[in-house]
Amino acid sequence: MSTTTQNIPWYRHLNRAQWRAFSAAWLGYLLDGFDFVLIALVLTEVQGEFGLTTVQAASLISAAFISRWFGGLMLGAMGDRYGRRLAMVTSIVLFSAGTLACGFAPGYITMFIARLVIGMGMAGEYGSSATYVIESWPKHLRNKASGFLISGFSVGAVVAAQVYSLVVPVWGWRALFFIGILPIIFALWLRKNIPEAEDWKEKHGGKAPVRTMVDILYRGEHRIANIVMTLAAATALWFCFAGNLQNAAIVAVLGLLCAAIFISFMVQSTGKRWPTGVMLMVVVLFAFLYSWPIQALLPTYLKTDLAYDPHTVANVLFFSGFGAAVGCCVGGFLGDWLGTRKAYVCSLLASQLLIIPVFAIGGANVWVLGLLLFFQQMLGQGIAGILPKLIGGYFDTDQRAAGLGFTYNVGALGGALAPIIGALIAQRLDLGTALASLSFSLTFVVILLIGLDMPSRVQRWLRPEALRTHDAIDGKPFSGAVPFGSAKNNLVKTKS
């Protein structure tokens, strides 16, 4: 940017079309967050009506994560070939239909399947909305674009908590899911009123359709084997999370099978850059493992361990969700100022100071608990708002939506594991201690993975000929792309 441009307030760098694109995507993400967290709010009610164990109830949260990898792949490929806008609309219709089906579910299996549909739609919404907004905004504002967008999910969670306190005590838990059909109306408006992303139009205007990840995996020479592996992964995940397997060794074998399948898909679709893709999946996996025990089981902790009534639960969740939303926006500013990776690490380190006090204070003072949760979620969860920007920078425009959607949503299986791990640990410890221990320990893993730029570092170690040295979204250098102590290591000193 020139000095003159730098003196202009950041928001004036955006025209009306760019703001409209952002507003539409943000509202879509708000509705996504609203629909997705409903199950966490009514988990105890559903558990009681269906007669579920704690682990079975937690698996209803996990179900949406099981299908996300496939939804991210398919809807991401749709976004790469036909445009980000169509993928956004399709995603909203999917998760809205799944939410409505939850309201009619007669039992556990039906609700589990409906949650699978929600997961597919959520995955598509994440990948398509993130790439849509990031590619529509100027390069120097793309951390803000990412952070501001993801704040919509947290705002949706806040709205859901408030609606829960008004609806469920009067009409019951099913009424909450019936409201989830409303986003379909919004999807119809989106289809006619928002422009296509600028980067995608420039790349594909007047050109033949790109060869997407779906083309490579399901229309190429290995299509039969890949279809079989897809069915195998889906079956393995079903048994892991809904099959009530008691043998840890069998679960471990099925988990390793899924990991091998996902790595195979990444190798086929990204070629020599597979080490980067695999490490991005690992980063996201641990990001979900540290954050989603709290996201998924906080309402249960408030209602059971602290014995809060629905109104008090809604108030505390307001602080938590609003803190995460504010953190997404703050993370966007920090990312554009410090650089994406440095902002991520600093924010997570600060959040570590608060995680133990949140669960040590107990329930005597609701306001103090709410304030602690606000700041902990602002620093620990909110910084994930710039994760789409971080991941998207490793992929070219041709495969960005599918690449972001697939890597993020395979890693998001950590969100499926997280509530179940939390519930299992809570069988030996109290739930608050289990949540604090998981979050505190696993956050350090994410700090190391992102701080050391392990995707670039592992790419350099294994396939250096395909190493990308600069972020494909904002053009800034990757710190892990250069050996430490190299004459070219001035990249490390540059914001990245």
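Even glycines carry a Cβ here, placed using N, Cα and C.
Feature annotations, courtesy of Swiss-Prot:
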type	residues	note
TRANSMEM	22-42	transmembrane segment
TRANSMEM	58-78	transmembrane segment
TRANSMEM	92-112	transmembrane segment
TRANSMEM	116-136	transmembrane segment
TRANSMEM	148-168	transmembrane segment
TRANSMEM	170-190	transmembrane segment
TRANSMEM	224-244	transmembrane segment
TRANSMEM	247-267	transmembrane segment
TRANSMEM	278-298	transmembrane segment
TRANSMEM	313-333	transmembrane segment
TRANSMEM	353-375	transmembrane segment
TRANSMEM	406-426	transmembrane segment
Stretch with greatest number of CB pairs under 8 Å, the transmembrane segment (148-168) reference, 224-244, 313-333, 353-375 candidates: 313-333
Positions on the same chain near the transmembrane segment (170-190), where near means CB under 8 A and six or more residues out: 24, 27-28, 31-32, 34-35, 38, 41-42, 45-46, 49, 85, 88-89, 92-93, 95-97, 99-100, 102-104, 160, 163-164
Maximum Cβ pairs under 8 Å to the transmembrane segment (313-333) - stretch from the list 22-42, 278-298, 353-375, 406-426: 353-375
Cβ-based contact of the transmembrane segment (22-42) with the transmembrane segment (224-244), 3 or more pairs under 8 Å: no
Which of 58-78, 92-112, 116-136, 224-244, 278-298 contacts the transmembrane segment (406-426) most, counting Cβ pairs under 8 Å: 278-298
When counting Cβ pairs under 8 Å to the transmembrane segment (58-78), the leader among 92-112, 116-136, 224-244, 278-298, 353-375: 116-136
Beyond the flanks of the transmembrane segment (224-244) by 6 or more, those residues with Cβ under 8 Å of it: 56, 59, 62-63, 66-67, 69-70, 109, 112, 217-218, 251, 254-255, 257-258, 261-262, 264-265, 268, 413, 416, 420
Same-chain residues near the transmembrane segment (92-112), Cβ under 8 Å, at least 6 residues beyond its ends: 28, 31-32, 35-36, 38-39, 46, 50, 52, 56, 59-60, 63, 71, 118-122, 124-125, 174-178, 180-184, 186-187, 190, 242
